[in-house]
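Visitor: This is the structure I want to talk about, given as structure tokens.
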Amino acid sequence: MVQAWYMDESADDPRRPHRAEPSRPVGLEQLRRLGVLYWKLDADKHENDPELEKIRKERNYSWMDIITISKDKLPNYEEKARLARWCLRAACACPQLRMFYEEHLHVDEEIRYILDGSGYFDVRDKDDKWIRIFMEKGDMITLPAGIYHRFTLDEKNYVKAMRLFVGQPVWTAYGRPADHLDARGQYVRFLAQTA
């Protein structure tokens, strides 16, 4: 089942769990009120899984690919990850290196299905506090268009994920602030209705 919690405010390595003290777990219903959807599937049969096919059909997820993020797959991974963590702490202007953990939103849903490995999706709640969602093999998540979020690997530094889209993929990430976008306005109205 999904594991999620409110984060602490530490600027330490983002790959660590960062649980708030005292612990403040977040349940599936609270995530749903933010528009976040979650499924637990059998990743070992992702190529022929009728449950995955049913979700794809119901939600019109017509396009997919598989991405692996690890030091073996990304040139100069260790150096980029080290510099990205330094840039976040120093608030320097190196967007190419901060891309691993920079807060952003999309104008379309973001759908990820973890086939192997693990990592964290962080999403903002209605009060602008960070909620961390631990994602591991078999976890599938849909983040609504307009939600501020970010992703990071955990300390294992490896994830293999299926990316799904409605229609052709749009890779544009809009860094915060992006409140002028229609998708953000629609999302804020959705939050007001679920309050």
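A Cβ is built for glycine as well, from the same backbone N, Cα and C atoms used for every other residue.
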Visitor: From the ranges 1-24, 25-48, grab the one TrEMBL calls region 'Disordered'.
Guide: 1-24
Visitor: Let me know the most crowded of the binding-site residues, choosing from His104, His149 and counting other Cβ atoms within 10 Å.
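Guide: Result for the most crowded candidate: His149.
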Visitor: Around the Ni(2+) site formed by His104, His106, Glu110, His149, list the extra residues of the same chain whose Cβ is within 8 Å of the site's Cβ centroid.
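Guide: Surrounding the site, in chain order, are Leu105, Leu143, Ile147, Tyr148, Arg150, Ala173.
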Visitor: For the region 'Disordered' (1-24), give me same-chain residues lying six or more residues beyond its boundaries with a C-beta closer than 8 angstroms to one of its C-beta atoms, as numbers and ranges.
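Guide: Counting only partners 6 or more residues beyond its ends, the region 'Disordered' (1-24) has Cβ contacts under 8 Å with 30-31, 38, 40, 85, 88-89, 100-101, 120, 122, 129-134, 139, 152-155, 157.
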Visitor: Across all the protein chains here, work out how many other Cβ atoms are within 10 Å of the Cβ of Glu110 (Fe(2+) binding site).
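Guide: Looking across every protein chain shown, the total is 20.
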Visitor: Please work out the helix, strand and coil residue numbers for the compositional bias 'Basic and acidic residues' (12-22) from the DSSP assignment.
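Guide: Final tally across the stretch: 0 helix, 1 strand, 10 coil.
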